[in-house]
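Trainee: The following block contains the structure, expressed as structure tokens.
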């Protein structure tokens, strides 16, 4: 979880940018380098490092003897760097995975390079010989990248908005009102540099699309026509490649399906690889929250070194401003659900030596895991909504996981967003991925049923929103927030807020409070959030309809769970259970 920062075509003293570069120091606490480019005095590259691989030789900007004219800064992990070395007979100068980007670029150009990367990344590559600058970002946007381009040739790129916003405030360049823009996932951009380093946009190219099969050679190619077997094989491969690290690896564990499958697979592979330490798992919630209870059961089953963090309502409220500062977002559900992960990441950083953490992010979008998918008008509509969520993940859940962990210098990895696993799952017929028998993610659950990887009560545990999962039995996290914002915002201020914020006007006190904090840190950058996250399938569903739907599904779920756990020889099929439940 490194931080990259670059400036091209500065009209002033290039080293005045140092103040901005340090705004992302939290992303890379192990080392820092700021390097000017002798061919272009108006250009500078900055890097904050979190050392995961090759601590001795992995500092950036990276240059290798074979291609001294190429400079690279990147944030990410390239999981197939060793395979690329063998395939193309590359001669690496380091053991760093990112060096493969330089060799691929030299081999076939920037689009060729991006297409062959199995991993997650945001990079800036400078070719001084050809006076080119290239920016690129992975398919799902797991790694963040923002940029500013001004008419006077000033170009700046960075992992987070906060450093670019400082540049705008300082007025470096001739146009201090330039807009910060988010770099589109799955794309590369090309810029020309003139003789003094000013940048001109040339083209934007899409090198990969969500759902498309990878262009690079894959190591695991299941030929088994059994879909459930293929799901298991590809997911295990996705977790295995994300164990590439010289630092200790752990796992977030909420006790839900996604994090539990990830943790269970990690523990299985850790035993096979004889990792020299026990896998640590981490969960957080308010006192006696459902997530804590469920995670405890999973950790006991997996025999992990489990860490359970209980936070008080006042601790959560106190963290909201810092959370919004690091998130760079005012989206309601994103902020609300980020507080727990932010506090949990703080604990991991301060109390343990785990640096790389695996997470279950992405499963709900790919496998239709949200409760509202039950109410999709058709399987095609549900599939379309899943595609929309995957496309916009980088602005919501992926953003939440990246910023909440990077705030404390941790590296988060998300196997459900693996290229091969995700493209395979997305390619399945829509009816296979839709909720079934009143259970969301039925296909994913059933793929691991009776494997012994997880207890049935966890494998078939229904989806809960994060704010529900971390809530105490007596008072929910949602209620805590509503009581707090009610004291901060009066009714008149809320009524007038649409005039102050015509883009994404706040419709609740919670929304207005988050927007107010966001504007304190990022004035005028509200455009970075295109819309508030909301379920598209349910906009016409009345609350009582949804409640009755969920209540019925929970009855079905309970019957089916009993069926799965205790009644393997029962004469009734799941379909018959659903039919009788619907009738009654």
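Cβ atoms are placed via backbone N, Cα and C, with glycine included.
So TrEMBL lists the following for this protein:
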- 2-194: domain 'Glutamine amidotransferase type-2' (DOMAIN)
- 2: active site, for GATase activity (ACT_SITE)
- 97: L-glutamine binding site (BINDING)
- 252, 284, 359, 360: ATP binding site (BINDING)
- 361: site 'Important for beta-aspartyl-AMP intermediate formation' (SITE)
Trainee: Nearest to residue 284 (ATP binding site) in three-dimensional space, by Cα, is which of the recorded positions 2, 97, 361?
Mentor: 361
Trainee: What are the non-local neighbours of residue 361 (site 'Important for beta-aspartyl-AMP intermediate formation'), defined as same-chain residues 6+ apart in sequence with CB under 8 A from its CB?
Mentor: 258, 397, 398, 401, 412, 414, 416, 417
Trainee: Around the ATP site formed by 252, 284, 359, 360, which additional residues qualify by having Cβ within 8 Å of the site's Cβ center?
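Mentor: The answer, listed by sequence position, is 251, 253, 254, 259, 262, 282, 283, 341, 344, 357, 361.
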Trainee: For the ATP site as recorded (252, 284, 359, 360), determine the largest distance between any two Cα atoms, in Å, rounded to the nearest integer.
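Mentor: So the binding residues stretch over 15 Å, Cα to Cα.
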Trainee: Roughly how many Å separate the Cα of residue 2 (active site, for GATase activity) from that of the residue listed as 'L-glutamine binding site', to the nearest whole number?
Mentor: 13
Trainee: Whole-number Å only: compute the distance from the Cα of residue 360 (ATP binding site) to the Cα of residue 97 (L-glutamine binding site).
Mentor: 23
Trainee: Within 10 Å of the Cβ of residue 359 (ATP binding site), how many other Cβ atoms are there?
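Mentor: Its Cβ has 25 other Cβ atoms within 10 Å.
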Trainee: Using a 10 Å radius around its CB, how many other CB atoms surround residue 284 (ATP binding site)?
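Mentor: The answer is 28.
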